[in-house]
Amino acid sequence: MYGRDPWGGPLEINAADSITDDDRSRNLQELDRSALPRPLDATQRSWLLGPPVRKKKKYVDLGCILVSRKIFLWTLGTLLVTTFLAGSINMIVRHVPHHKHEKPQQDNYTLALNKTLLFFNAQKSGKLPKKNNVSWRGNSCMKDVDEGEYPPRDVVGGYYDAGDTIKFSFPMSYAMTMLSWSVIEYSANYEAAGELDHVKELIKWGTDYFLKTFNSSADKVGRMVSQVGYGDNRGGGVMQNDHYCWMRPEDVDYTRLAHSCYSGCSDLAAEMAAALASASIVFKDNRDYSKKLVHGAKTLYNFANAVKKSYSIPRKESSEFYKSSLFWDELLWGGAWLYYATGNITYLDQVTNHDTARHAGAFWDGPYYGVPSWDNKLPGAQLLLTRLRLFLSPGYPYEDILRTFHNQTGVVMCSYLPYYKKFKRTKGGLIMLNHGDPQPLQYAANAAFLAALFSDYLDAADTPGWYCGPKFYSTDVLRDFARSQIDYILGKNPRKMSYVVGFGQRYPKHVHHRGASIPKSVKRESCKGGWKWRDTKKNNPNTIVGAMVAGPDKHDGFHDLRTNYNYTEPTLAGNAGLVAALVALSGERTFGAIDKNTMFSAVPPLTPATPPPPAPWTP
């Protein structure tokens, strides 16, 4: 249907205009619903909105790389905070008071050990090494020769015995053996004290000299030098001598005699064999030198056994100064060391022979039984062989005599204790092993070493002590004894005096020693011209550091007089015992303080021999 359009065009009339009201209402409702918003899918959104806009990241340009600004700021902040905290902590540490942790101080025994070894530097004869560390000593006695050989043999070197310039082979050999024994047992203690290389150099100085005193390259010898220098202290007469003259060793320019022993040198040769054999164990890492020492020791020991007699006979110098009471103890001592150095069972057979032990006095009990010294090697030899029983236990056929040595060592140790009255003591506590005779300190020092060593042997063998009759004593008792004697020597005595020169605040200043008593700067003094330095009341111009003097009398009295050698003279043998005791007591005591294995490095495994069959039964 069409109608008129007011604008001039036809007018179309829709049929919808004729719908009913109900239909119109329904259509309106549908239109209303279609006008409500509906969710659009991704395609529709892209048509209507376009692509989503991403948030643009911010970067920091560091020149070679771009770093996220956020990461950069976090890193920079962390560094600033860390620097601030470190600086604050450092300021607090620097300004808040705190204690410094210093190295623990060395004990008295170690400090004394450092000094006592210097005494041996002061006693050296011959051309001295550059670093001898004794400013007032120099080369001396460079013309010492043995004219008993042709051409004359050079015997330069070795050690002066005491306050004079004589070289005695017998006590010098004992001193080197004691030093070697202490190194073998306590090398760790020496190393902790910083003295291992030093003490080995001192031993080699002695053994190098010993190799000059006989034909050490030969397989058989017929003589050996027993002494260099002349010691007749009556003076005057035909020749100048080293006891009558008071001269620095560096000023000695006269001819010095070399005394020789041609046969019957059992004690001297066996003692020097012990020195060379024990040193061969010390220098076992130097194979060539150790081999040379062993060869010399074997040669000397054969010489000692060839004619069994003492080297010190009446009307000879040796009988005046270092007289040997027996020679069997040296044969026992030297044979034991040769067994340890070589492992040769022949030497063990000899030292475990009952006749040898009996002749050496192993079954005696006299007043000097158990007194260790340059003259009496029996206490040391018995302890040395007790070591074999404790650690290797060779069994038959050696057990019987080794058990005897072990038991006798226990008896000796009992005699050192204050509960037993064999040896008296001074009021200050010094044991009188020489029964009140002069120069007691050397014997006390030797005994202290043996007691400390036996204590360590027992500990290493898991044995808590030993019996003195029915009573049992712990190993601590032995160490207490050793400490008491060494403490006395170092100043814990009624006079509050250290008998080791240079140790402590108070020590002898008038030591009976030629080199220490004459200033280095003075011109050469004549034989008698030096007497004014001997007799002066002034202190020695040179301090002989580490020298243990002879010691007090039986009443703890001491006179610091240069002219009285019984109080103020130091000796090589006495100081060796002191060094050994000091190293045994030095440092912290730990389980297994001794070196159990080095002594046996040349000893093959011991398999006990089969006992002989029982005697046939007879009805």
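The backbone N, Cα and C atoms fix where each Cβ goes, glycine too.
Annotations in TrEMBL come from automatic prediction, not curation.
Now, the feature entries from TrEMBL:
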ACT_SITE  HIS512  active site
ACT_SITE  ASP560  active site
ACT_SITE  GLU569  active site
DOMAIN    109-582  domain 'Glycoside hydrolase family 9'
TRANSMEM  71-93  transmembrane segment
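Feature map: TrEMBL annotations on the structure.
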residue : record      : Cβ neighbours (10 Å)
HIS512  : active site : 25
ASP560  : active site : 15
GLU569  : active site : 21
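Between HIS512 (active site) and ASP560 (active site), the C-alpha separation comes to 9 Å.
On the backbone, the CA of GLU569 (active site) and the CA of ASP560 (active site) stand 10 Å apart.
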